[in-house]
Amino acid sequence: MPYSTFPLLWVLGLLALSSACYIQNCPRGGKRSFPDLPRQCMSCGPGDRGRCFGPNICCGEGMGCYMGSPEAAGCVEENYLPSPCEAGGRVCGSEGSCAASGVCCDSESCVLDPDCLEDSKRQSPSEQNAALMGGLAGDLLRILHATSRGRPQ
């Protein structure tokens, strides 16, 4: 056997052995065949009392929601984890879940939602509206309403 074919056979043998190792390690159906099991989203906010709902959204009962603030900054790390997470809470809106009392969030934004009130079954619709209009959202609506009344139509 000439010496020029010996290196070629050696390289082919090495290639056959190394590719066999990769094939043995793969599960049936390929490396992505196992479904990703959902896990709890990362903790965030003051005292880690909230959960990440998106890369810039941190919400929790009793603390409300932080969007784009330093409290929600750690939620960006959720994008770099290989498996998906579930923030928890009841399903609301189109693809969201209840994040705090009266607030429904998905990975992009949050909206006020009466279905997310804690005692929504025991409250009348007028009480639900009053609860949603409390706090910062209610203050903003009152300011907008007051400024629109001052303008001539």
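Cβ coordinates are placed from backbone N, Cα and C, and glycine is handled just like the others.
Fair warning: this is a prediction, and the values are worked out from it, not measured in the lab.
What Swiss-Prot says about this one:
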type	residues	note
SIGNAL	1-20	signal peptide
DISULFID	Cys21-Cys26	disulfide bond
MOD_RES	Gly29	glycine amide
DISULFID	Cys41-Cys85	disulfide bond
DISULFID	Cys44-Cys58	disulfide bond
DISULFID	Cys52-Cys75	disulfide bond
DISULFID	Cys59-Cys65	disulfide bond
DISULFID	Cys92-Cys104	disulfide bond
DISULFID	Cys98-Cys116	disulfide bond
DISULFID	Cys105-Cys110	disulfide bond
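On the structure: features taken from Swiss-Prot.
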residue: Cys44; record: disulfide bond; DSSP (3 states): strand
residue: Cys52; record: disulfide bond; DSSP (3 states): strand
residue: Cys58; record: disulfide bond; DSSP (3 states): strand
residue: Cys65; record: disulfide bond; DSSP (3 states): strand
residue: Cys75; record: disulfide bond; DSSP (3 states): helix
residue: Cys92; record: disulfide bond; DSSP (3 states): strand
residue: Cys98; record: disulfide bond; DSSP (3 states): strand
residue: Cys104; record: disulfide bond; DSSP (3 states): strand
residue: Cys116; record: disulfide bond; DSSP (3 states): helix
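Distance between Cα atoms for Cys92 (disulfide bond) and Cys58 (disulfide bond): 17 Å, as a whole number.
When the Cα atoms are compared, Cys52 (disulfide bond) and Cys116 (disulfide bond) turn out to be 17 Å apart.
Using a 10 Å radius centred on the Cβ of Cys85 (disulfide bond) and all shown protein chains, the other Cβ atoms total 16. Annotation: Cys59, Cys65, Cys98 are the disulfide-bonded residues among Cys44, Cys59, Cys65, Cys75, Cys85, Cys98 whose CA atoms are within 10 angstroms of the CA of Cys105 (disulfide bond).
Here the candidates are the disulfide-bonded residues Cys58, Cys65, Cys104, Cys110, and by Cα distance the one nearest Cys75 (disulfide bond) turns out to be Cys58. For Cys98 (disulfide bond), the nearest of the disulfide-bonded residues Cys41, Cys44, Cys59, Cys85 in terms of C-alpha separation is Cys59.
If you draw a 10 Å sphere around the CB of Cys92 (disulfide bond), it holds 19 other CB atoms from the protein chains shown.
Rounded to a whole number, the C-alpha distance linking Cys58 (disulfide bond) with Cys116 (disulfide bond) is 16 angstrom. The disulfide-bonded residues listed here are Cys52, Cys58, Cys59, Cys104, Cys116; among them, Cys58 has the most other Cβ atoms within 10 Å of its own Cβ.
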